[in-house]
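According to TrEMBL, the protein has these features:
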- A:6-26: transmembrane segment (TRANSMEM)
- A:38-55: transmembrane segment (TRANSMEM)
- A:61-83: transmembrane segment (TRANSMEM)
- A:95-117: transmembrane segment (TRANSMEM)
- A:137-158: transmembrane segment (TRANSMEM)
- A:165-184: transmembrane segment (TRANSMEM)
- A:190-212: transmembrane segment (TRANSMEM)
- A:224-246: transmembrane segment (TRANSMEM)
- A:252-276: transmembrane segment (TRANSMEM)
Amino acid sequence: MDILISGLLLGGTYALIAMGLTLQYGVARIMNLANGEVLVIGALTAFLVYTSLAVSPLVTVLVIAPLAFAASWLVYRILLLPLVRRAKNQGQLEVDSILATFGMGFFLVGGMVFIYPELFAYSYLAVPVDLAGTTVAANRLVAFGGAVLIGLALYLWLNRTRAGLAVRAVAVSPLAAGLVGINVEKTSALAFAIGGMITAMGGVLISTFITLDPSFGVIFTMKALIIVIMGGVGDIRGAIVAALILGVVETAVATLIDPGLTLAAAYTIFLLVLLFRPEGLFGRRPA
Amino acid sequence: MLEIRNLTVTYGLHKALQGVSLTAEKGEVVVILGANGAGKSSLLRAIAGISEGDVAGDVTLAGASLRSLGADRIVEQGIAFVPEGRGIFGDLSVWENLMLGAYPERARARRKQNLERVVSLFPKLAQRRGQTVRTMSGGEQQMVAIGRAIMSNPDILMLDEPSLGLSPLLCRDLFENLSKIRETGIGVLLVEQNAKQSLAMADRGYLIENGRITGEGQADALLSDPAVQKAYLGGV
């Protein structure tokens, strides 16, 4: 029971990170390997403003959202759009965007090391709370609540607004989207920017209960990748379920076997999914 | 009126279309006949703004140039395109496909009227509104594709081989429906290999061969032209 509850709480935050990546990959068709670095930037910002200005991460998360949106949008327009325009097919865009964002990841790590070159953590709401007989830290509960709120807002935006409809249309078919009058480039830029925004917000939330280091981004990129592929690319619902599974499995392995094996456990699931269900839990087999 | 003048499309060194000129008016059906690889699809894709090749020449609709506009702007100008493979959203429902069809600015105010038009043409779509499109049969998907195009309130509707993969019975229905669409004032420009049925309902036709227009005329004149009969109608 302990494992299940802590696992689900962790999975909620993972879901947020994976949603960011699935928007960027499923809609804008950019496999963003700097996704984890964006998360760590969010976390580092929350840490710096909390320790120097005593600003609550719940305020930081609201301030960082528009900043991350704007920065991600600029990255798309300046760095990625030229790659999109010159790509003759999806495969070429994937290779180019992986290389470009991989490079960008190093750049971001370098910047963060320059600002704060060591492990960082702070104590925010680190008080025990009793939840259905299990003791959990209040910060984990708050982070989970934040993830649920952001996920819900994203869901409503995708399903209830005109811009959300355009985003879903581009995810299904960029060609058909163009033919119904949707500006595919603008919609892709929007999806990429929102993906970056959600990832950075996830970083702020996760910083309340995890110790990080500027170079930890790659771990989160890998986790997000595992979740996105496990859930089926572009499938928000699948990403949420896969994230919760990963959270529970990691927590189970950490408590029952050894905390050092969590990453190994994550990759084991990943390998099993790739071997037996490469299209993901909810993905559709190519016809 | 849609007017194409001296249109040339090249893919690398290969010229798919050379100096093609043609017109299509609102309220008429124009069919372009040609064999596989004659350049028919290249022509429609260039007009719709989704050509992968280099396009030269003029495309104007009611005097306004469409060249160098993106596909989304061309839809706003009044051209709807149903490409080969239909260009629909397979993972979305019939209803969502139709609503996306009405996404362009020009279509929003007339969404209700256009929906009535679509439903009177294809009553089945109203019954199947919640169904995911990729789970439908080929003929039903074709209805969704044409319905989606009508929802964008076009002046000219372009279709790339709409009869491909349809049974003879469904083909007959399709051409009947295109004829009804013409009556609502939309111009229909389609490329076809099914010469007999398409010419039977069309107003005018063009013949295209190796990227060039090799003949044009009234549809009934083309139907009785011995050269056309030999090339496209199995030499009756």
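Easy rule for this one: first residue shown is 1, then count along the chain.
Note: Cβ is positioned from N, Cα and C throughout, glycine not excepted.
Same-chain residues lying 6+ beyond the ends of the transmembrane segment (A:95-117) with a Cβ under 8 Å from its Cβ atoms: 29-38, 40-41, 44, 47-48, 75, 79-80, 83, 87, 214-215, 217-218, 221.
It is A:190-212 that, among the stretches A:6-26, A:38-55, A:137-158, A:165-184, A:190-212, forms the most Cβ pairs under 8 Å with the transmembrane segment (A:61-83).
Residues of the same chain lying 6 or more positions beyond the ends of the transmembrane segment (A:38-55) and with a Cβ under 8 Å from any Cβ of it are 17, 20, 61, 64, 68, 72, 108, 112, 115-116, 120-122, 124, 196, 199-204, 206-208, 210, 212, 214, 216-217, 220.
Outside the transmembrane segment (A:165-184), and at least 6 residues removed from its termini, the chain residues within Cβ reach (under 8 Å) are 23, 26-27, 29, 158-159, 190-191, 234. Outside the transmembrane segment (A:224-246) by six or more residues, the chain places 7-8, 11-12, 14-15, 17-22, 25-27, 35-36, 151, 154-155, 158, 171, 199, 266-267, 269-270, 273-274, 279-284 with a CB less than 8 A from a CB of the stretch.
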